[in-house]
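**Student:** One structure coming up, written as structure tokens, with questions to follow.
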Ligand code: ATP
Ligand code: MG
């Protein structure tokens, strides 16, 4: 089988493959890019596999970077482009269920494809666009099936992360997991306990953001993989509520976390510790907290001006989009308009500073100052007073006189 229209990403890289071949080695496109091209989906990075050893690749190309030379990967720089070129390899004796003890470079494409996780990821393509399909991946692509290469039990035993990868591909591609592969996930799910949270989180988020989330989240619960994911073991039945949300694709990581956490009904500090257990960044935690706050406000009522100001436009629009999952309409344009009409969009735009207040009232800094600025900010944002220095000083004076 030959790819009819070879996407530009491959054409651009063709000279790299030809250079390797000119030195007497084999070179192919492999993995996700070949799969996605056959599915006529956008291609991310083009991975190249070769029979040349890393040292041999470095002799062929003048500009290279050792990105993972122990695993056989060399980054080759050509013009503005860069390509990861990995030597054919086998991986043997996984004793800790997550990393091969030894990586052995080999000259055989078949050996390399055999160690890959799923048949649809074990396709190779030569520079002419001919597909090399040694494990019946084309058939599975057509039938939309995720099937482990070889014996699924052995493959998940070697590397337990593959179970999460299988589930995330079911979501991303909207494919079905083949029964034996699914049964092996069911049997070996406890091995996920050996995998680092960071690696599980990468796959879990991709699962949540996939185009058929439900298709993967259901087996994720039913095979009990969730028991070996941070915190989720506490929720059992409540996780099924997440399945009941409309199965529309989620746009961003923070939206996905917000929807999941809101469904689990976590509050305050629980939100932080949930995301911490998933090793999410403080920035992500902050974004998710804002979305959950905004969402719950918005489910009760229309936006309060102060909430729009505090969340900012992006978070407010993100909240609007989440309303869909609760059966409500998103008012994106209206929110954008209202936000743009706010008298100020940042505290720095106030016509007065903390220093101005200190000088004017000849007072020492303290708690009063923060409270005063907050009160001024709220009055300006709510349109109660104009953002003008004299007006703000008068407002502050009145407030102090009243206290
Ligand atoms: P994506 O589009 O998300 O990048 P991908 O299939 O390219 O999907 P990568 O994680 O980039 O996934 O891996 C590239 C290829 O390496 C896969 O297609 C697969 O052949 C192989 N691979 C990756 N991880 C594993 C694993 N844990 N076990 C076996 N093979 C793997
Ligand atoms: Mg990839």
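Keep in mind that glycine also has a Cβ here, set from the backbone N, Cα and C atoms.
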**Student:** Determine which of 5, 63, 116 appears in TrEMBL for the same CTP site as 32, 35, 159, 162, 165, 168.
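**Tutor:** Record source TrEMBL; matching candidate: 116.
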**Student:** Just counting, how many other CB atoms are there within 10 A of the CB of residue 35 (CTP binding site)?
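**Tutor:** That number is 22.
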**Student:** At a 10 A cut-off on CB-CB distances, which of the binding-site residues 45, 47 has the highest count?
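**Tutor:** Answer returned by the neighbour count: 47.
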**Student:** So what's the average pLDDT for the domain 'CCA-adding enzyme C-terminal' (249-396)?
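**Tutor:** Mean model confidence (pLDDT) across the domain 'CCA-adding enzyme C-terminal' (249-396) is 97.
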**Student:** Given the binding-site residues 32, 45, 162, 168, return the subset with CB under 6 A from an atom of ligand 1, ordered by sequence, or none if empty.
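**Tutor:** Near the molecule: 32, 162.
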**Student:** Helix, strand or coil: which one is residue 116 (CTP binding site) in, per DSSP?
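**Tutor:** Reduced to three states, the DSSP call for residue 116 (CTP binding site) is coil.
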**Student:** Which binding-site residues from the set 32, 35, 116, 162, 168 come near ligand 2, judged by a Cβ under 6 Å from any of its atoms?
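**Tutor:** The qualifying binding-site residues are 32.
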**Student:** Determine the C-alpha span of the ATP site listed in the record, that is the greatest distance between any two of 32, 35, 116, 159, 162, 165, 168, in Å to the nearest whole number.
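**Tutor:** Farthest Cα pair among residues binding ATP: 21 Å.
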